[in-house]
Amino acid sequence: MFKSLTKVNKVKPIGENNENEQSSRRNEEGSHPSNQSQQTTAQEENKGEEKSLKTKSTPVTSEEPHTNIQDKLSKKNSSGDLTTNPDPQNAAEPTGTVPEQKEMDPGKEGPNSPQNKPPAAPVINEYADAQLHNLVKRMRQRTALYKKKLVEGDLSSPEASPQTAKPTAVPPVKESDDKPTEHYYRLLWFKVKKMPLTEYLKRIKLPNSIDSYTDRLYLLWLLLVTLAYNWNCCFIPLRLVFPYQTADNIHYWLIADIICDIIYLYDMLFIQPRLQFVRGGDIIVDSNELRKHYRTSTKFQLDVASIIPFDICYLFFGFNPMFRANRMLKYTSFFEFNHHLESIMDKAYIYRVIRTTGYLLFILHINACVYYWASNYEGIGTTRWVYDGEGNEYLRCYYWAVRTLITIGGLPEPQTLFEIVFQLLNFFSGVFVFSSLIGQMRDVIGAATANQNYFRACMDDTIAYMNNYSIPKLVQKRVRTWYEYTWDSQRMLDESDLLKTLPTTVQLALAIDVNFSIISKVDLFKGCDTQMIYDMLLRLKSVLYLPGDFVCKKGEIGKEMYIIKHGEVQVLGGPDGTKVLVTLKAGSVFGEISLLAAGGGNRRTANVVAHGFANLLTLDKKTLQEILVHYPDSERILMKKARVLLKQKAKTAEATPPRKDLALLFPPKEETPKLFKTLLGGTGKASLARLLKLKREQAAQKKENSEGGEEEGKENEDKQKENEDKQKENEDKGKENEDKDKGREPEEKPLDRPECTASPIAVEEEPHSVRRTVLPRGTSRQSLIISMAPSAEGGEEVLTIEVKEKAKQ
């Protein structure tokens, strides 16, 4: 409701009210001349009312009578400060002394009369405005109160609560009481703090899930489990057959068995249920899911079967190792350890050879145990075939197993049926096992040397090709050098073939680790999108250059950018192109301007030669344009940088122009002043020689004018004009003669003139300097015809000077 009321109560500014009142007073004075005395008295009354208002003004409250509020509001409306006074304490104080409209004579009409302006706002609006002022005042008081509470803190009561007493020194006393509880012990010369049991248990606490592929601690645990498994596989058959377990050493065997059982049990209860697995492409790390997955797997069944305590039968049947045969069922951990170990080794084929050799030795160990059992069954020393009981039992039986499996002759013939059947089975198993191991060994060694065999095959094919086409020996030597260096440095011929089998994300990760630090240093690519640089890393190609190979030659069109990965290159220059200007090392970049240059700016400006073996990364122009299609912001940045680099390149090229032919006989000229360049640019078709001649003639003319007077100066000017006209005619005739001699039309030469005088820079070219040196100083009857023709060699021209006699006039 207040909003609608305040919108109606619009008050005009004070200045406008004053102007209206003054105009109304003038009208009244015009109609009533006797009102001047009344006007002065009215002004005095207004001043008196203003003083009384200033002394009696008080803040408006909700308890004031309505009559007082209405009187104050009427005065405020007359002063024009109803809704613009922000001070809540002086809400009823007027800011002007303009007389109220009510005091005017109702019979008088003026600009502010009721007929000329809308009717005044009703009293209810004034009351609402006063209420709004009161509301603003209370809101400000409330804001100040809450601000004070925020600064001083929220108090529960208006009375200040007593300050809380400072904490006593009880906690330090407790800390001092706890300090003596810490225990220390000395280790040699060091004082070591004894860790509490709870802290130690926290540190050795197992994680909720274990990544079997990346966790190295899990790999160490698998090594411990594998050792326990190998102990059982080797010594259970040995203790079962050979008489090595006796009553004197039985307690040692039992201790070793208990340790192995503890390792098995701990692995089954605490390690295997925490291994992560993949289901539907997601890695499962939830503890409940991990335990459920392990309990439903075949590995859990084998682990339970391997830990069944058949050792209890020792109480009824004695210490027979046969009851521990189920410990050999935990073979899954053994193969898992082999798989993880091969995945982290640099040369896994070495471990594969060792593992295959271990398989062979273990089979021979089992065969030796079986042979001793057969000899004991037949009776030791009863026949020539069985073990005779002499020497070390295990070594003699192992020797017999080696000769049997490898099918070495010279063994005693079996005598009984049991011996014959046993020997036949032994021969068959020996041939099968031995051939399998030999084949596996061949595969391991073949896989280890597969890359080298491929390298040898490629090199042999290339040499055969070169011999077939009678390639020179020097070229063949360079080809062999490239093959040998590539193999020695990379152990492969083309590393891109290896990366093709990997996914794009893995290729990008490898490229970032190898080449990102190099390409991020290129000034041309600084400020570009990082993703664009990542895309370029995937497109880089590695190229190997031999010592003395030209990476790029001067004058050829540049289509690639080069980044030095390994080695050095030299930039050659000078008159003969053999001077080393600079040597670029690993991490340097060259040729980047050619990627973005256009209109002839992409030509190579120098020869670049590999100083030694140089491995360079290349990026061609086409590939860069394909990448920039998706990165318009980076393209704008690259284009801007390319223009700056091209300008710098043009300045350096202008600073050292090439000197050819007759220009080599004269010293290089100084740089042309800017003022002279401006003058030369505005002369149109005038040549440099003509300007110099005019300058000398003007100097001579000034000297003659100072000596001979003004008349002689005028005559000299006329003569000078005549000489210039004659010189123009002679030049035109000489050009016509030149065109006739060369069989050209006289219209071809003027077409070439605008090209020579198109810009002031053309004045600095060498042909003009040569023309200046050979022009005659005085008048002669000889004319010089100078022409330039392209040479057979790229980047060179042939200067031709012909001398002809002028015709006599």
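Glycine residues also receive a Cβ, built from the backbone N, Cα and C atoms like all the rest.
The 3',5'-cyclic GMP binding site annotation in Swiss-Prot covers Gly591, Glu592, Arg604, Thr605, and the record cites experimental evidence as its basis. Just so you know, the Cβ of Gly591 (3',5'-cyclic GMP binding site) picks up 20 other Cβ atoms within 10 Å once every protein chain is counted.
What Swiss-Prot lists as compositional bias 'Basic and acidic residues' is 22-31 (among others).
As annotated by Swiss-Prot, compositional bias 'Basic and acidic residues' applies to 44-53 (among others).
For 716-755 (among others), the entry in Swiss-Prot reads compositional bias 'Basic and acidic residues'.
For the region 'Ion conduction pathway' (348-447), the mean pLDDT of the prediction comes to 89. Residues or ranges marked as region 'Ion conduction pathway' by Swiss-Prot on the basis of a curator's inference: 348-447.
Annotation for Phe434 (site 'Central gate'): spatial neighbours Leu405, Ile406, Thr407, criterion Cβ-Cβ under 8 Å with sequence separation of six or more. According to DSSP, Phe434 (site 'Central gate') sits within a helical segment. Annotation source Swiss-Prot lists site 'Central gate' at Phe434 (among others), citing a curator's inference.
According to Swiss-Prot, the site 'Central gate' annotation covers Ile438 (among others), on the basis of a curator's inference. Using a 10 Å Cβ-Cβ cutoff, Ile438 (site 'Central gate') registers 12 neighbours.
In the three-state DSSP assignment, the secondary structure recorded for Arg442 (site 'Occludes the pore below the central gate') is helix. The C-beta environment of Arg442 (site 'Occludes the pore below the central gate'), restricted to residues of the same chain at least 6 apart in sequence and closer than 8 Å, is empty. What Swiss-Prot records for Arg442 is site 'Occludes the pore below the central gate', and it gives a curator's inference as the kind of evidence.
As annotated by Swiss-Prot, topological domain 'Extracellular' applies to 243-249 (among others), with the evidence given as a curator's inference.
Taken from Swiss-Prot, the feature topological domain 'Extracellular' applies to 372-393 (among others), supported by a curator's inference.
Swiss-Prot lists 219-242 (among others) with the feature transmembrane segment, giving experimental evidence as the kind of evidence.
Here Swiss-Prot flags 250-270 (among others) as transmembrane segment, drawing on experimental evidence. Under 8 Å from some Cβ of the transmembrane segment (250-270) lie the Cβ atoms of residues 206, 221, 224-225, 228, 231-232, 235, 239, 300, 303-304, 306-307, 309, 311, 319, 324, 327, 330, 333, all in the same chain and six or more residues away from its ends.
Sequence annotations record features per position, and here Swiss-Prot assigns transmembrane segment to 300-317 (among others) based on experimental evidence.
Annotation source Swiss-Prot lists transmembrane segment at 321-335 (among others).
Annotation comment: Swiss-Prot describes 349-371 (among others) as transmembrane segment, evidence class experimental evidence. Listed as Cβ neighbours of the transmembrane segment (349-371) (distance under 8 Å, sequence separation of 6 or more from its ends, same chain) are residues 233-234, 237-238, 240-242, 338, 341-342, 387, 394, 397-398, 400-402, 404-405, 426, 430, 433, 437, 440-441, 444-445, 447-448.
Under the heading transmembrane segment, Swiss-Prot lists 394-420 (among others). If you look at the transmembrane segment (394-420), the same-chain residues 6 or more away from its ends with a CB under 8 A from one of its CBs are 238, 242, 363-365, 367-369, 371-372, 374-375, 377-378, 383-387, 426-427, 429-431, 433-434.
As a summary of secondary structure, the topological domain 'Extracellular' (243-249) carries 0 helix, 0 strand, 7 coil according to DSSP.
A Cβ within 8 Å of the Cβ centre of Gly591, Glu592, Arg604, Thr605, the residues given for 3',5'-cyclic GMP, is found for these other residues of the same chain: Cys552, Gly558, Phe590, Ile593, Ser594, Asn602, Ala606. Residues Gly591, Glu592, Arg604, Thr605, recorded as binding 3',5'-cyclic GMP, reach a greatest CA to CA spacing of 12 Å.
Ile438 (site 'Central gate') is 60 Å away from Arg604 (3',5'-cyclic GMP binding site) when you measure Cα to Cα.
Under 8 Å from some Cβ of the topological domain 'Extracellular' (243-249) lie the Cβ atoms of residues 319, 321, 393, all in the same chain and six or more residues away from its ends. Residues in the region 'Ion conduction pathway' (348-447) partition by DSSP class (helix H, G, I; strand E, B; coil) as 75 helix, 0 strand, 25 coil. In this structure, the C-alpha atom of Gly591 (3',5'-cyclic GMP binding site) lies 56 angstrom from that of Ile438 (site 'Central gate').
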